[in-house]
Amino acid sequence: MKAEKVMAAVRGGRLHGLLDTLAGFGALPTGGMNRQALSDEDFAARAWLIGEAQRIGCRVWTDACANLFIRRDGLEDLPPVMTGSHIDTQPSGGHLDGCYGVMAGLECLLALHDQGLRTRRPIELVVWTNEEGSRFSPGAMGSSAFVEPQRMSAYRDSRDAAGVSVAEALDAHARRFAELPLRERIAAHAFVELHIEQGPVLERAGVPLGVVSGVQGVRWYQVRCRGASAHAGTTPMDMRQDALLLATGCLPAIDALAERLAGADKRLTFGRWQVLPNSINTVAGEATFTIDFRHADPAVLAAFDAELPACLPDAADLQPLFSHPPVAFDAVVIGVLQQAVEATGEASLSLRSGAFHDAMYLATHCPTSMLFVPSRDGISHNPREYTEPSQLEAGARALAWSLVQLADQA
Ligand SMILES: [Zn+2]
C-alpha cells in the first residue's frame, strides 16, 4: 500500500517545474543546454538541488569525485536504495538526458515527504559527476570512480580543452561546497536509474515505459593504413600507394563480418577519420579510422575480435582502444520494475540499452536495473530531445513505486 500511496503523490506539474528550473542552468540562447561537468553552470545547478533537498530534511554528502548523495533517512540504518543519473550535458545537449532521472528522483523524495512516509531503508538520490565525458575523458567518471575508487588517481590528471585538470575542477567544487561532508564508497541495497531511451524502440512500439535487461558490450579499435604521399598530378595510378584507398577498401569486409556475426542486431560505426596530409593535390600517405562495434553476446564480440585482423590490408596497424563486456542487470530488481510498471497501469516492454549509462558501472557494485521512457524520433544529445509529459510522469510514478518497494525489503 505504501508504494501505491507514494506513487499517487507524484505530481506531474511539479516534476515538469523541476526539469524547467534545472534547464535554466546553462541554457543556450538557441535552445538546448550546455552544462559541462564541474563548470560554474553545474555548480549553480548543484547548489539549487542541494537547497531543495535540505528543505525537505535530506542529508547531503559528496565524495572524491564530487558525486552528490542526497539521503532521505529510513527507519533503519541499512544500506540504502540508490537512484539517480547525471546533470552534465553535451555541448549542445537536451534538457532530459540524465537530468530526467535526477529530477524524477527528487520528485519521488518530495512525494515521500508530502505523505510523511518513511521507508525501512534510506533512499539516496545520486548525481554522478561527468557522465557525458564531453569536458573530461573518460565519461561515466563519477560512477566508475565510486565503484572502483582506485581509478581516481588517473582521472585526476585528465584535462579539458582549456588545460584545466579534473584535480583542479574538484578543488573548485570542494571550495564551493565546503560544508558538504566527504564520504567513502558505501554498500547499496539496489540502484535504479530512470533515463530517456535515446533510441526509437519504445516510440515505435507505442509503449511509454521500458524495463532494461542490460547494456550491450562494446569494442573500440583504431586502424592505421600506411601508403606513400605523392603528387596528384604527376604520379601515375599504377605507381601509387594511396592510404585512403587501402582504408576504405577494407570497410566492406569489416561490414560483412559484422553482418554475418550480428545480423539484424549489427551496430557498426566507422566514426572518426584522419587523413594525412589531407591536402587536395597530394595522395594520402596515411589514413586512420575508428571502429565501434557493439553486441549483447560476449561470444559475438569475441568472434569479431578474432576475425577482424583478417579483414585488414597487410599495411594496416590495428590498435584496440577500449572494450567493455555486455552487462546483464539484476533479475530481482528487473522483477520489481516490472511490478512497478504494472502498478502504474501503463504498457511496457523489455529492452536492452544501446548506450552506456552510470548504471552499467553500478551493476558491478549492487543489484541494478534501469527504466526507460521514449525519446521522440529516437533523438538525444541534441536540443530537440523530447519526451511526452505524460510519459515523463509515468516514468516517475514507476520509479516511486519501485524505490519504496525496494527500500522496504528486508
Ligand atoms: Zn545520460
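Just so it is clear, glycine is given a Cβ too, placed from its N, Cα and C backbone atoms.
The Cβ of His86 (Zn(2+) 1 binding site) has Gly98, Cys99, Gly101, Val102, Val127, Trp128, Thr129, Asn130, Glu131, Glu132, Gly142, Asp358 as same-chain neighbours under 8 Å, each 6 or more residues away in sequence. Secondary structure from DSSP puts His86 (Zn(2+) 1 binding site) in coil. Per TrEMBL, Zn(2+) 1 binding site is recorded for His86, Asp97, His195.
TrEMBL lists Asp97, Glu132, His381 with the feature Zn(2+) 2 binding site. The Cβ neighbour count for His381 (Zn(2+) 2 binding site), using a 10 Å radius and every protein chain shown, is 17.
All protein chains included, Asp97 (Zn(2+) 1 binding site) registers 26 other Cβ atoms within 10 Å of its own Cβ. With a cut-off of under 6 Å between the Cβ and any atom of ligand 1, the binding-site residues Asp97, Glu132, His381 reduce to Asp97. In this structure, the CA atom of Asp97 (Zn(2+) 1 binding site) is 7 Å away from the CA atom of His381 (Zn(2+) 2 binding site).
Fewest Cβ neighbours within 10 Å among the binding-site residues Glu132, His195: that distinction goes to Glu132. Mapped onto three states, the DSSP output places Asp97 (Zn(2+) 1 binding site) in coil.
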